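Marked as transmembrane segment by TrEMBL: 14-37, 49-72, 84-102, 123-149, 161-182, 194-214.
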Amino acid sequence: MSFAIAFAAFSKSFLLVVATMLPILNPVSVSAIFLTLTEGASNATRRSIATRIAVNVTLLLIFFMLVGSYLLEMFGLSIDVVRLGGGLLVSVIGWNMINTNSTEGRTEKLAEAFTPEMARRRAFYPLTFPLTYGPGSLAATITIGVSLLDRSSPGITVVNVMGAAVGSLVVGIILLLCNRYADKLLKPLGETGTIVFLRISAFILLCLGIQIAWSGLSNLISDAIAHGVTQAYEQRH
């Protein structure tokens, strides 16, 4: 395998991960949700959580690219079932965010309750999964993982995986920067504008969850109908 072929394969898989995952993960929008769910946390705690989220997402991207399809097959799960369950979970979180009252007294209580242990827990659920890395991201990651395989050349497969891993790292760094400087990204909106933006983001999150769940449910219904029609046809003939 020549250097030119290896470089082309590396670049292709790198760009595939970055170009596919960034629009799905949408770091700028996620940073607004990050601010809401870390209300009351100190700047140091927020930085720590942002770092944990970035590391978690990077590892999840690499992990599910490598073994995601095998895991779903092992447990007998389909992507549509993951979409349905994950979409419902995202919808519930969005609904709770919409109905959250942000008051000075509440913020002070949250600051007291935001222990290091609580920060560690929130860094994975719900901030990493499902809010940053949700069912849509999971489905896209598994699809990318399948496309990395080159059965005719194991060497190309290895280079593809390396490019995808570096792409995942770049995605994680972008997430880290957006979350770490979320307050500065939203500062031009002012206090009232930020509150409005956060509420709109929560509503969009609710709608996205419903859309993801409906996508999974409609596919499951279509598959069930198609299976029923096939069985009825076979019984008649």
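Keep in mind that glycine also has a Cβ here, set from the backbone N, Cα and C atoms.
Keep in mind that TrEMBL annotations are predicted by a computer and have not been checked by a curator.
Using a cut-off of 8 Å between Cβ atoms, the transmembrane segment (84-102) and the transmembrane segment (123-149) share at least three residue pairs, counting only pairs 6 or more apart in sequence. Residues 29, 32-33, 35-36, 83-84, 86-95, 97-98, 102, 131, 134-136, 186-187 of the same chain lie 6 or more positions beyond the ends of the transmembrane segment (194-214) yet place their CB under 8 Å from a CB of it.
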